[in-house]
Amino acid sequence: MAALQTLREWIGIQQFPPATQSKLLEILGKYKEEDVSSLTVLVMGKGGVGKSSTVNSVIGEKAAAVSTFQSEGLRPTLVSRTRSGFTLNIIDTPGLIEGGYVNDQAINIIKRFLLNMTIDVLLYVDRLDVYRVDDLDRQVVGAITDAFGKEIWKKSALVLTHAQFSPPDGLNYNHFVSKRSNALLKVIQTGAQLKKQDLQGFSIPVILVENSGRCHKNESDEKILPCGTSWIPNLFNKITEISFNGNKAIHVDKKLVEGPNPNERGKKLIPLMFAFQYLLVMKPLVRAIKSDVSRESKPAWELRDSGLASRRS
């Protein structure tokens, strides 16, 4: 379980330009209107995709350690900030791939870290400037689904970092973004085993992010995407939409962390085992015994006694 932390005032918001601050405070006002006092955002994905950098960009300070040339640690980081009575919790997690495979130990550590917490939003992070998806992507999505259930994807967004990216060979930027996004969304759909009925009434939003210092800015000094969108307020807007989308948040209880109790599962199987034994073993055996008894010839004394009885009658 995550260690309790002393709540810190969200002073990083003051590092944003006034235009961004104004938009963020307006978004926080929506939570106040709905009488919501806290929000918990879980950030997951492979290593090296920009999870920690995104957390720092959102908070406006270096709250999560960024390890560019070193392997990530296994322990998640909880970053909590409060502003005007509202608490924002962001959980930065380690990469889920180790040696070309999903790191089950990392998954288990994350689950135990989240014990008794409620996930309001999942940010699944990957890079925009990657040209293909592979089986590892499906494995990561499958591992997240196995850990928290497929319903978590109804509270999720796909975040693509390195958005200040020039596609090769003169490809149209919007076309490349659409192609990359659709490829990853398809991986999420197949990896999470989402059926058509699961997808009715909701879609996973795609959010572009640029964490580097070379991110372009508008006349209000806000960091913008190539399309001109101020991406930090846009990210907060999408998070807010997801938190209020009507789907249930994911509560991480002991059952979710440890899985079903094998003893309870065994108790449920006992009646089935007895029924199976009776139908396939005992019942045919009893039937066979009765059949043998009926076919067995009667002894002489029984025939004599039955003959005397018939003459007397």
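Heads up, the Cβ atoms here are built off N, Cα and C, so glycines get one too.
Per Swiss-Prot, the feature GTP binding site maps to 48-53, 67-72, His162, 210-211. The DSSP secondary structure for Ser52 (GTP binding site) is helix.
Summarising the annotation, Swiss-Prot assigns Mg(2+) binding site to Ser52, Gln70 and lists similarity to another entry as the type of evidence.
As annotated by Swiss-Prot, domain 'AIG1-type G' applies to 36-260.
The feature N-acetylalanine is assigned by Swiss-Prot to Ala2, with a large-scale study or a structure entry given as support.
Averaged across the region 'G1' (45-52), pLDDT for the predicted model comes to 94. The region 'G1' annotation in Swiss-Prot covers 45-52.
For 67-70 (among others), the entry in Swiss-Prot reads region 'Homodimerization'.
The region 'G2' annotation in Swiss-Prot covers 71-75, and the record cites sequence analysis as its basis.
Below 8 angstroms of C-beta separation, residues 42-49, 51-52, 55, 64, 72-77, 79, 103, 106, 109-110 of the same chain, each at least six residues beyond the ends of the region 'G3' (92-95), sit close to that stretch. Annotation comment: Swiss-Prot describes 92-95 as region 'G3'.
Helix first, then strand, then coil: DSSP counts for the region 'Homodimerization' (127-132) stand at 0 helix, 1 strand, 5 coil. Feature annotation from Swiss-Prot assigns region 'Homodimerization' to 127-132 (among others); the stated evidence is similarity to another entry.
Per Swiss-Prot, the feature region 'G4' maps to 161-164; the stated evidence is sequence analysis. For the region 'G4' (161-164), the DSSP-based tally of helix, strand and coil residues reads 0 helix, 1 strand, 3 coil.
The transmembrane segment annotation in Swiss-Prot covers 269-286 and is backed by sequence analysis.
Residues 49-50, 160-163, 165, 177, 180, 183, 208 of the same chain lie 6 or more positions beyond the ends of the region 'Homodimerization' (127-132) yet place their CB under 8 Å from a CB of it. Look at the binding-site residues Ser52, Asn211 and count other Cβ atoms within 10 Å of each Cβ; Asn211 has the fewest.
Within 10 Å of the C-beta of His162 (GTP binding site) there are 18 other C-beta atoms, taking all protein chains into account. Ranking the binding-site residues Gly48, Gly50 by the number of CB atoms within 10 A of their own CB puts Gly50 at the top.
Each residue in the region 'G3' (92-95) gets a DSSP state, and the totals come to 0 helix, 1 strand, 3 coil.
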